[in-house]
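What TrEMBL annotates here:
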REGION    1-20  region 'Disordered'
TRANSMEM  70-92  transmembrane segment
TRANSMEM  104-127  transmembrane segment
TRANSMEM  148-178  transmembrane segment
TRANSMEM  198-216  transmembrane segment
TRANSMEM  223-242  transmembrane segment
TRANSMEM  280-298  transmembrane segment
Amino acid sequence: EGQAAPGSAPPAPGEAYPAPGSAYPASGPAYPASGSAYPGYTSPIPVVRTHLGHALASEWTKIRSVRSTMWTLGVFVLLVVGIGLLTGLVVAGQDAGLGEESPLGLGFFGLLLGSMCIMTLGVLTTASEYSTGMIRTTMVACPSRARVLAAKAVVFFLVAFVVTLVSAALVGFAHVAMLEGEAKAPSGEEWLKGTLGISFYLALLGTFSLAVGSIVRHSAGAITIMIGAVLAPLVIALFMFSSSLQDVQQALFEYSIPNQMSIFYANSLSESGPSGWDPLWIMLGVTAVALGGAFALLEKRDV
């Protein structure tokens, strides 16, 4: 025979226990089900709809708080200003001077080497979060992936542009003062291209690197790709001795990144090809295509 369930009243004398498997009669008063709603809670922190401004503030906090930013930008300023001043001192010590050439062109050498730092920082802005796993936290805090990448690109572009502009302007003023009377006074257009123009170009080059870092998701791999994109065309063109490859060699010279940077200082490896502000529009188009690919892949792939 069955036994009474624990806590239930025993059967009255003369009554049999219920058969095994049968339901016991309900005993005791019925209680209301739990889970009733609690009184409304008001958070002391204002709850607002997030927007791009919040993502920009977050990315600004990131980029100014990591050591890689200080190292890359610090080395960039050191290269641009240091090599620029050293070049100016060497030219100022020569009797010939620059003649009818603008002294602003002497800043090209430091900016060419400094571009490596800008590209490195651009790659690290995106790719480093994948290596550390920080990208998962970022996407949880801001589920809109396009907004995250857009904020990274905007913040990085502004930082790279401002740092390049200040460095190029300082070197330019120093060269004009050091070579006064020994070189042609720069025109307004030369100042514009040698400061704003080259700053926009390097900032776009760094943003292009940022997009490559987002696509590759590997810091070392993306940095290698960008260094190859800068150096490979020139190195390959130098060893194209065959006359049948002359057109290819000329194109590699004309559209290489170092040559396009030199165009902002009225110097070029060839008389044909891009001129004036053309390098800026070319880099703008390349960067737009790379960012478009980065946005598309970011939406499709897991983090």
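Placement of Cβ uses the backbone N, Cα and C atoms for every residue, glycine included.
Two recorded stretches are said to be in contact when at least 3 C-beta pairs lie under 8 angstroms, sequence spacing 6 or more; the transmembrane segment (148-178) and the transmembrane segment (280-298) meet this definition.
Relative to the transmembrane segment (70-92), the listed stretch 104-127 leads the set 104-127, 198-216, 223-242, 280-298 in CB pairs under 8 A. Recorded stretches compared: 198-216, 223-242, 280-298; the one with the most Cβ pairs under 8 Å to the transmembrane segment (104-127) is 198-216.
Counting same-chain residues at least six beyond the ends of the transmembrane segment (280-298), those with a Cβ under 8 angstroms from any Cβ of the stretch are 126, 145-146, 149, 153, 197, 200-201, 204-205, 207-208, 210-212, 214-215, 255, 260, 274.
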